[in-house]
Structure formats: C-alpha cells, structure tokens
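Going by Swiss-Prot, these are the annotated features:
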type	residues	note
ACT_SITE	128	active site, proton acceptor
ACT_SITE	130	active site, nucleophile
BINDING	51, 52, 53, 54, 55, 72, 93, 94, 95, 116, 151, 156	GTP binding site
BINDING	56, 67, 69	Zn(2+) binding site
C-alpha cells in the first residue's frame with residue numbers, strides 16, 4: 001500500500017519563489033522515486049488541481065528546444081503558486097518512459113527526419129510506454145479521489161480514470177511553440193491526439 005514517506009517545505013518556481021511542500025512515498029511497486037509537490041495545502045481542497053509531469057532532463061533541466069516539457073512545468077508551477085494544486089513528478093524519463101539513453105538515440109533519429117513517434121517505433125518501442133497507476137496510488141495516499149487534471153494528453157485522462165480517479169474537469173496547458181519543437185508538438189497533436197491550441 002502506498003503511503004506518504006516524508007514531507008518537507010521549500011520554495012520553488014523561476015519567477016514566483018512560491019512556498020510548497022515536497023512529499024516522498026513508500027510502497028511504489030516500480031521502485032521509482034516519484035514525488036508530489038503541493039501548493040497551498042491543495043490536498044485539503046474539495047477538488048484539487050493536479051498535473052502529472054514525467055521527468056524530462058533535457059527539457060526540465062536544460063531547457064532544450066526539442067520539447068516543451070520545461071515550459072509546461074514552469075507554467076504549472078506559476079499557476080499552482082497562485083491557485084494551489086499538486087504536481088506529481090514521475091521519474092519515467094522522457095515523454096515516453098524510454099530512459100535517457102534511448103531518448104538520446106531517438107533524438108538522433110529525429111535529426112535524420114523522423115518524428116518523435118516514428119523514432120520511438122524504429123527503436124522498438126510503443127508510442128507511449130508510460131503508465132500512471134502509481135500516480136493514482138499517490139493521490140489515493142493523499143486522500144484524493146476527485147481532481148481537476150491539468151493536461152493535453154488523453155492517455156493520462158484514461159489511465160487515471162481506469163485507476164479509480166474521478167476527473168471533474170480537464171484544464172489544458174498552452175502550446176509552447178519555439179524554434180525546434182513545432183514538428184514535435186504537431187506530431188503529438190496529430191498522432192497522439194493531444195489537444196493543443198496553436199493560436200495561443
């Protein structure tokens with residue numbers, strides 16, 4: 001059974017320097033060190049705002065132009081610093097859970113003309129290897145069943161619902177277009193059915 005292991009206060013956010021609480025968990029079957037970042041005691045809210053964010057070293061840490069992961073994380077932190085909410089930061093590197101080295105191999109193939117899905121398939125992987133059952137278990141450990149989910153990804157909605165989480169509302173993020181990631185975002189929209197508004 002998943003339960004809260006430890007919690008500590010800290011400040012986060014490039015612009016906001018917002019107070020938050022960082023939580024670790026016991027009982028995660030994968031052994032991965034997933035964490036929760038909680039703003040304004042959001043777990044006490046009737047229907048908290050929640051985002052699941054898969055670790056992306058190149059985007060989150062190095063601000064790579066190949067994806068929009070860092071921008072999505074920064075956007076969510078700023079929103080939740082103001083409104084409250086929970087970020088479940090999932091240690092499944094790469095948007096498809098490939099692992100870092102396989103992700104680098106996929107980048108190489110993308111440089112040769114493949115889109116992100118074609119590159120992953122060429123390496124022998126399915127479109128999306130991530131699964132979100134442990135995210136649902138983390139929410140359950142916090143006593144949360146009903147959420148407002150911040151996502152553009154229909155797979156996240158489906159996986160959480162299949163694991164007993166009731167999604168009251170879906171809140172989209174912006175399409176963070178920049179030099180180098182337009183093809184990536186459009187592949188997610190056309191192939192992965194992600195819901196983007198490219199006019200924003």
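For all residues, glycine too, the Cβ spot is worked out from N, Cα and C.
Here the features listed in Swiss-Prot are placed on the structure.
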residue : record                       : Cβ neighbours (10 Å)
51      : GTP binding site             : 25
53      : GTP binding site             : 19
55      : GTP binding site             : 22
56      : Zn(2+) binding site          : 23
67      : Zn(2+) binding site          : 25
69      : Zn(2+) binding site          : 23
93      : GTP binding site             : 19
128     : active site, proton acceptor : 18
130     : active site, nucleophile     : 19
151     : GTP binding site             : 21
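Among the recorded positions 51, 53, 55, 128, 130, 151, the ones whose Cα sits within 10 Å of the Cα of residue 69 (Zn(2+) binding site) are 53, 55, in sequence order. Comparing residue 67 (Zn(2+) binding site) with residue 51 (GTP binding site), their Cα atoms are 18 Å apart once rounded. Proximity to the residue listed as 'active site, nucleophile', judged by a C-alpha distance within 10 Å, picks out 93 from the binding-site residues 53, 93, 151.
With respect to residue 128 (active site, proton acceptor), the closest of these binding-site residues in Cα terms is 93, chosen from 51, 53, 55, 93, 151. DSSP assigns residue 69 (Zn(2+) binding site) to a helix.
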